[in-house]
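Encoded as structure tokens, the structure appears first; notes follow it.
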Amino acid sequence: MMDEIFDKLIAAYQSEFGTMPTDKFFSPGRINLIGEHTDYNGGHVFPAAITIGTSGVAAKRDDDLVKLYSLNFPDEHISFSINDDEKLPNHAWGNFVKGVLIAMRQFGNTFDTGFNLLIEGNIPNASGLSSSSSLELLVGVVLKRLYNLPIPRLQLVASGQRAENDYIGVQTGIMDQFAIGYGEENQAIYLDTNTMIYEMVPADFKDYDVIIMNTNKRRELADSKYNERVAETQEALRRLQLKLDIHTLGDLDAKTFDEHASMIGDETLIKRARHAVYENERTIKAKAALADNDLVTFGALLNASHTSLKDDYEVTGIELDTLVATAQENPNVLGARMTGAGFGGCAIALVKHDAVEALEQAVESAYVKAIGYAPAFYETHIGDGARFVGEV
Ligand code: GAF
């Protein structure tokens with residue numbers, strides 16, 4: 001499968017650039033099991049890299065140009081000087097490449113010449129499975145290999161986040177880049193974003209599968225709404241800090257939060273902060289439940305997470321709520337919730353292995369009835385993180 005993809009990419013590279021690439025790369029997407037909108041609040045997250053993602057072939061050039069081509073956007077032929085930081089007006093995906101280059105230069109790396117990169121991604125567009133971080137980390141591993149840079153993995157991860165925050169302008173946390181940078185086959189990553197200490201936890205769901213359900217909803221204004229949630233939780237934290245000695249909402253347990261919530265003084269901000277604090281507690285419990293093979297508790301925590309994202313954080317919407325509620329009603333499902341930023345995108349469900357097909361049919365018919373178009377379903381395979389695959 002991988003071989004076929006790379007054969008196709010190498011042929012496309014030759015026809016686009018007239019030379020051969022030297023190296024092959026792959027960078028995955030991610031799901032998040034639980035711990036949503038906690039990463040920019042100093043809480044825990046519990047994501048995993050998946051086997052779909054972005055594949056690429058690349059080689060250094062002799063001049064200072066960066067030339068990019070994606071089989072997903074065949075009309076765009078992108079070219080710029082490697083030291084030109086100006087945003088590309090019409091080439092959205094090229095800006096993620098630029099953002100990573102700039103961030104890596106800020107970390108002290110230098111690039112003597114340019115490079116060619118040809119890619120293809122199979123993460124569904126705007127699905128909330130982090131196609132943008134997948135691309136960022138792909139660029140990170142490409143640059144590390146082509147320029148022989150002795151940089152640690154955490155710097156690649158941080159460069160992706162910095163590209164997103166400073167260049168693209170979305171104030172995301174570190175979860176997606178971390179999951180994609182540190183992913184390992186069949187392991188979920190339990191990360192404390194306050195300390196950056198992490199632990200790999202076997203993602204063993206016994207007789208159950210985690211399936212991905214895509215709303216197929218176009219995500220509109222998602223970036224501005226995301227930034228709005230970041231600002232709201234920061235403001236709630238600022239008000240709590242007038243009385244409490246805390247650095248992030250992740251420093252608070254639910255009991256202390258409840259005792260002091262009224263200090264925030266605004267109902268919306270209280271709800272946002274409550275989600276961040278309670279979701280962090282749920283994530284800690286969910287990791288313990290999975291490690292103990294207690295899938296019933298794990299599933300119940302997924303359900304509670306969705307309710308909180310719907311009612312307190314208000315990032316779900318009718319499409320995600322319909323998918324999740326229909327899955328949750330099914331006796332063969334232990335839990336379901338949206339995954340990623342929300343505002344459309346995907347949900348996950350923990351479904352008994354031999355009931356997956358029936359569940360998908362039930363969810364599809366309820367969804368079409370309520371929403372008017374079909375959702376999509378994917379099996380989840382948890383895979384390795386962003387990597388150099390081999391020489392051409
Ligand atoms: C997006 C962001 F990129 C992550 O950092 C995280 O905040 C997530 O939304 C919500 O949990 O994927």
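Heads up, the Cβ atoms here are built off N, Cα and C, so glycines get one too.
For the substrate site, TrEMBL lists Glu36, His37, Thr38, Asp39; matching the candidates Tyr226, Tyr367, Tyr373 against that entry yields Tyr226. Distances between the Cα of Ser127 (ATP binding site) and those of the recorded positions Arg30, Glu36, His37, Asp39 are shortest for Arg30. Highlighted in sequence order, Gly35, Tyr40, Asn41, Gly43, Val45, Gly173, Met175, Arg229, Ala276, Glu279, Ala341 have their Cβ within 8 Å of the centre of the Cβ atoms of Glu36, His37, Thr38, Asp39, Tyr226, the residues recorded for substrate, and are not part of that set. Only Arg30, of the recorded positions Arg30, Glu36, His37, Thr38, Asp39, Tyr226, have a C-alpha within 10 angstroms of the C-alpha of Leu129 (ATP binding site).
Comparing Cβ neighbour counts within 10 Å across the recorded positions Arg30, His37, the minimum falls on His37. Distance noted between the C-alpha atoms of Ser131 (ATP binding site) and Arg30 (site 'Transition state stabilizer') is 9 Å.
Thr38 (substrate binding site) sits 16 Å from Gly128 (ATP binding site), counting Cα to Cα.
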